[in-house]
Structures are given as C-alpha cells and as structure tokens.
Amino acid sequence: MDGFAGSLDDSVSAASTSDVQDRLSALELRVQQQEDEITVLKAALADVLRRLAISEDQVATVRKAVPSKGPATMREALSMSCITNGGAGTRKPSHITSVAKKDTLSSAAKSVKRSSTIEKSHNSWDASEESRNKLMRAASTSKLTSKVAKATDKHKDIVISPEGEYIKMFMRGRPITMFIPSDVENYDDIRTELPPEKLKLEWVFGYRGRDCRANVYLLPTGEIVYFIASVVVLFNYEERTQRHYLGHTDCVKCIAVHPDKIRIATGQIAGVDKDGRPLQPHVRVWDSVSLSTLQVIGLGTFERGVGCLAFSKADSGVHLSVIDDSNEHMLTVWDWQKKSKIAEIKTTNEVVLTVEFHPTDACTIVTCGKSHIFFWTWSGNSLARKQGIFGKYEKPKFVQCLAFLANGDVLAGDSGGVMLIWSKTTVESTASKGAKVLGVYQISRQIKAHDGSVFTLCQMRNGMLLTGGGKDRKVIMWDHDLNPEREIEVPDQYGTIRAVAEGKGDQFLIGTSRNFILRGTFNDGFQVEVQGHTDELWGLATHPFKDLLLTCAQDKQVCLWNSVDHSLEWTRVLDEPGHCADFHPTGTVVAIGTHSGRWFVLDAETRDLVSIHTDGNEQLSVMRYSVDGALLAVGSHDNFIYLYNVSENGRKYSRYGKCTGHSSYITHLDWSPDNQYIMSNSGDYEILYWDIPSGCKLIRNRSDCKDINWATYTCVLGFQVFGVWPEGSDGTDINALVRSHNRKVIALADDFCKVHLFQYPCSKPKAPSHKYSAHSSHVTNVSFTHKDSHLISTGGKDMSIMQWRLIEKVSHSQNDNIVESSSAVNSPVVTEKPLQPNTPTNLPQAVNEVPKEDDKTPAESPVPAEDALEQPEELNEVQSEKCSSQPEGANGQEPSNEVSEDPTDSAAINNTPEDAQDENQDDSSPLS
C-alpha cells in the first residue's frame, strides 16, 4: 500500500512538473509575441509621426505665403487649421496629438494581436525584410518626435479670436482665455520692451549659520564678511553699509581668507539651471577691496559642491587646498594664480569637515572629520597620508576643528568636548631597528574644554585661543599654556555656536545655528549685528506708507524690518508657521495666514495679538485687504476665498461670505479700486471674477471685467501680465508677481532663483525682462515699497531677504559733458539715478490717520561714484532669458557683480551629511 502511494506521488509530481514546463513555454511564447507586437507598434508610431511632420511642414509653407498683416479673420482661420492638424504652437494641440497616438496604438495592437493569433506558426518577424524596415523606422521615432516638436515651436503660442475680443494661451494643454480691454484697438500694435528701470542690490537680510561653520571673519576694512544664498556680504557694522560679491551661481558653502586679509576664496555647490543644464561647483578667488574676481577654479573638477578650503600660510598664500563633497571627498591642491591643479588624492568616504595648511611647515596639510584626523605630506604632485593614531585616548566620533600652536603643534577640537594636542615626534622604524623616522604626529596632551562638542577654534593675534562650544554655547579664552582664563555663554535664543572670529580690540564675532552674527566682549556681553529667518520663507508684506516690511516663515517667526536703517523693529513667534501676510490700509495692523487655516491679526506697532480666526484646515495662500480696508479676502488651499467685514481700523472681524467656484487651490487675488470685485487665480490656471456686494457671486461673463483697472496686480494670470510666462512653462515656474504703484513695471519671482523686471503692461508672449541673480533657491515673493523706491524679494530654502534699489537709466548725448570717455567718442553716456515716484501713495478716504513727518522716507542719498556709469554690459543682470553660460575665470579684473549662469532651485542647499543635522542634535554629530 505504501509503495502504491509512493508511485502515485511520483506520477503526480512528474505531471505537475510537466505542467509547469508547459506553462513556462507558453509564457515565453507570449512574451515573444508581445515583443514582436511592440516592434510593429513602434514602426506604426514612426509612420504616424512622419506623416504628421510632413503635414506640419505644409502648413508652415502656407503660413509663409500669407501676409503677416492680413485680416484678423484670415489669421484666426489659419490658426484654427493649424490646431485641427495638430500643429499649433500651443500645448493643447500636442495634448490632442498624444491622445490620437494612444488611439492609434490601441487599434494597431488589436489588429496585430488578431493576426498573431491566427498565424502563430508563421511568425518570423526578425528574419523578414519588412521587419527590418519597420525596425529602422521605429529607431528613428525619437528623431521624428524631436522634429515635430521643433515644427510645433515655429507656430505662435497664443490664439486670437476672429473678432479680436480675447486671447487664448495654453498651460500644460489647458486653454486660458483672457479678454482684451476695450482701449486696445489692435492687439498687433502692442509692443513690449525692456523697462528703463533696473535693479541694484542694496541690502541682504540674513546669514547662513545653521548648516555651515567657520564662515564669519573681520577684514582690515572693518567689514564682517559672511555669506547667504549666492551672495557674499561685506558688512561694515559701524557705518551700517553693505557691499556684495555676486559672482556665484548657486549656494555659497564655505569661505577662506588669504593671509594678506584682502583676497578671499569662496566655494559653492552644484546646481541645475532652468533648462536642466548643470551648474558646476567651483571656487572663486576675489579681491575684497575692488570686489573683482581674480580666478575661477575647479570647473569640471569638483563633484556636488565645495565642502571646505584653505589658503597656504608658509608661502604667503600661493596655494589653495580644496575638499569637495563627492563620496571620496577629493583633496586637491592648486596654484590658484596660475589656475593649475598641482596634486589630487582621495581622502575618505567619511565626512570631512576641515582642511588647513600648516602655518610653518609648507609641506603639511591637515584634514579632519568623522572619526579621523589625517596628516598629509605634500611633495610636488603627490600627497602621502598619515593617519592620526589616538592610542590610549578615546577615539571621538568627530574631529570638528583645527588650530596651530606657536610651537607647531596641531590643536584639534572633538565632539566629546576635548581639545587634543598633536605633536610631531620621532619614532623607531619597524623595518630596521634603531632607525629614527621623523614627522609622526601623536597625541601629547588632551584638555577637557566644553560640555558637548568643541565646535570651533580661533587663534588670536596675541597668541591667545578662543574656543566655541556646541551644547554649552560657551566661548572660552585660553592663555598660551592652554589654561582657561575667561568664559561667556551665548544666550539660548541665539542658538549654538557655529563660528568664532577675532574682532576689533578685545571684541570677538560669533556665528550661530539660528542665523545670528553677534559681536561681543567678555565684559559687556553680546550685541546682535546680523539676523534672519531659520526656515523656508514665503510671507512678505510692505507697509502702505512707511518704510517697513514684514516677513513670516516656516520657523514661526514674524519679523518687521526697517528698510531705511535695515534694522529689525520687532519679532514675534506664532504658534504655527506663517505663509502669507498683508497690512491693513491704515498700517495699524497686519494679517498673517498660516499652514493650518488659522490666521492672526497683530498690532503693527506693539506686535500684540489683536484677533485670531480659522477658515478650513488647509494652508492659507493669500491675505488681501480691500482698498478702503472694510473687507479682508482670505484665499485658501481648500479652493475657497473667505470674506470678512473689517471695522475699528482692522481690529474687529466678522464673516461676510465665501467665494465658491474654483476647482483648485487659490494662489493669488486682487481687489478692484471700488472694492466691488475680486480677480483670483488658482492652481489649475483659472482666472475668475467675483461680485462681492452681490453675495460673493461668480461672474459668469468674464468679458464684463476686462476694463477693470485693478487696484493691485499680483495675479500671475491675466491679459496685462501673461507675457511674463516663459516658453514651455508648466504653470508653476512663477511664484509671485507684483505691479509697481506707479504702474510702470512688473517684478516677478520665479523658481529658478531669479528676480525679473518687466514693463507693464506685459501683454505679448516671450516679453523681454531684466533678470537678476542673488537668491540660490526658488524666489518665493516680491513686493515694492510704498514709494516704489525699492523692491523686496524673499528666498525659500535660502531664507534670505533681498532689498533692491530701483535705478532709472537716463541717456545723455556726449555734448552734455557728463562723463568723458576716450573709448566711446560718439556713444551716448548712461547714468544711474534713483527712481523717483511720479505720484505719491495716497491713503484711502476711509483712513483718518495721517502719517507723521518722521514716518516719511528720507531723501535718497547721492549715488556713489562707482555707480555713476553703466558698464558696456550690465553685469548684475541678463536682459535675455535665452543665454546661460558657465562661469569663466578672469586673469585680470572681473567685476564682482557679474551674472554667471542661472542658479539652481536648490533642494541641494542641505546636500552634505552634516547639513541635515538639527541644532539640538546629539553631541556626537558634527553640528552639535
């Protein structure tokens, strides 16, 4: 019986194995058939695309034969024929084409499948001549697709109605209809040019201390040098002036000062421009007096970014050592004046935090980082590594910083709060007994210095030493024998210490993790010199009649800044991150929207909480008071606009109504001058109009609103502004837009780190603009000050606030004798002057308060001599959005405010392992 059962099992097993093999064979056959079908489908698609391209070429030929100034009806008919044939230069036709392709593929697949089912035994695709021809056509599919795309681009991006009543632009295939105002007699006669106004960077608020180290220094000019975004700032705290080096194309990450204290090297990270082209990391060496670029080093050499760098000291700064952020953390040594790389070697796969040349031994370079300290012997083009041996001493998780004692010993601070002294000793060679080997560094002494990490070391001119602690936030002064003499603790609200530098006299400078720069002494404590936000920044509002601006960010801080003396008036921490803000027309209160649907009203003078409300549970994207201040509109990500009655000069609020009709979240909105209507944009490119007195009703006939002269213009979609959109935009490239109060220009914040200045109105596609670089992440907001004298822009991830001065270019003939130039005898001379507003900003009639005399903006100061002439090419802007080139070094003098290529929208701001650390992390971290 058992034998019978065993034989039965064997037979069942054999049968199941045979069944599995049959199924595998069937599946293999099916896969082969499907691959054959795909090949045929590719060939069919190639044929369709080729026919489409031929059709496009024919349409283009017909268009060339038609006069450009023909009747509007003929132009519209031609445009519609292009759309019918799939060749319009808009995205909608291409979307239709893609649907057609899917239908073609589907029918072809069914046909092929039926054929393959009937004639399975006769399938020999790969051997037939027809198959080879089809494969060749399929291989050329990508080329044909490219050709079709190019042919499509030849056609105009907009469609004008036959009657000239409206224009349609397309965004991601969706039509956006904009009605032409009545005062436009002929749309073809509209001309959009570059505005005469330009921008000049005047002030930068903020400092990058959260994820950087050793990036604050005092120069002989009395200026503090530091960086934020792609700007290196030189700040004279006594005279309250700033100068800016603008040569970088993305986030500046590290800085080194030459032994002569004049020349400076700064390194940046990699990025990508708006066209997807890489922005290579590099080091720029520049003159801190003239702000001219002396050399650009490392293009094509560094990966990801420049992590740290240092000038040599023993040879008076002839050489520069750089460590990049690649996996191997490559160490390179450069003769920077010759722009030549002398030596290169891999250091370690672990984090490297610091590199330094030995001040007296020109052949020694020291690097340190996670669980290591390396001593490099440099000879010619070779680098030899000797690892620091901790021996009986506990090996730290991180060696954080380096300094050098007068006797040549190396001093290192570690994550355990210990200072290690490494002395050069002689040891006995293991190869031959009795032989002595010089140059081995060993720990000769250790000193417990701080609770938590020793984050930074600063060797002072008098031989004393300053150390900065991470966790304990203490600055300690040590004498020549490394005995502690004095100490002081940085208050908790400023964060932990990131950088320590020697100041004037007995002063010292501190950079902190909460983006403060402090100046202090052991006797008098600290004074704040620089401060900024510590997280992503979106909210911005300018005061209606004072030189004040308000910002709010993810760090929950609300800050009121003075744009004249560039100081912080007050700051308040909310319960939630702020995202948008607007001042009441009286200027007495400001409304702030948050990420949770709650919004706060604060007293603009005392920062006291006046009111708090909640609308929905999603992010509020825009707050906008009506012109008379009687209504407040709140745009939300729940697709609604909430309306509130406002009384008592902005101190009392009651729900008025709700605008319902958008199919996506609200992005921007504006009021009409009579407070009757609202224009709004949404995330799916809608332009809707609302009748507020009639119960917040949606106006169905949008042409009724075409002649409204909106009190403000912040909507990014509309007839007066649609020309600002770049070609091929997906609808998210523009974050904010604002029209100046004098209605002359439009400022724009984009996703490619740029601030643009357009002429207003801007009703032609691909309008030209002045383009400015300073931010290193998406620019989130822009706003003009009340007299249009300045523009404020905010950066997202870079957390910076930029204040730009509007400059009006005025041309003069040579006979005016303003400036004599031997190089341009017959050319006009161009001078800069601050832009003066044509009309004062008037308060609404409902406002009873009148600004005091001392609240008015002081007269503009004279233009400095160095600003009196415009260069042959404006180096801090690019007037065409089409050009983008890699930065090039200059052997001679290169102006510092050049625009290199477009900076990246850098999510890579925190792209190194230490960047992701929080300021309250464990002491074992390199940033604790």
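Using N, Cα and C of the backbone, Cβ positions are placed for all residues, glycine too.
Among the ranges 14-63, 264-313, 514-563, the stretch that Swiss-Prot annotates as coiled coil is 14-63. With Cβ pairs under 8 Å as the measure, the repeat 'WD 2' (241-288) is packed most heavily against 767-806, out of 343-378, 610-646, 767-806. Within the chain, the repeat 'WD 3' (296-336) has long-range Cβ neighbours (under 8 A, six or more residues past its boundaries) at 251, 253-254, 256-260, 263, 265, 267-270, 280-285, 342-362, 365, 367, 369, 376, 378, 383, 886-890, 908, 911-912.
The stretch from 442-480, 524-563, 653-692 with the most CB pairs below 8 A to the repeat 'WD 10' (610-646) is 653-692. Summarised as a single figure, the pLDDT of the repeat 'WD 9' (567-604) averages 97. Across 199-237, 442-480, 485-521, stretch 199-237 shows the highest tally of CB pairs under 8 A with the repeat 'WD 13' (767-806). The DSSP breakdown of the repeat 'WD 3' (296-336) into helical (H, G, I), extended (E, B) and coil residues amounts to 0 helix, 21 strand, 20 coil. Residues 243-246, 248-255, 257, 261-262, 264, 266, 268, 288-289, 353-354, 400-401, 455-456, 495, 498-504, 509-517, 519, 529-534, 561, 563, 566, 753, 755, 757, 770, 772-777, 790-791, 795, 798-807, 832, 867, 876-877, 897, 903, 909-910, 912, 914-915, 917, 919, 927 of the same chain lie 6+ residues outside the repeat 'WD 1' (199-237) yet bring a C-beta within less than 8 angstroms of a C-beta in it.
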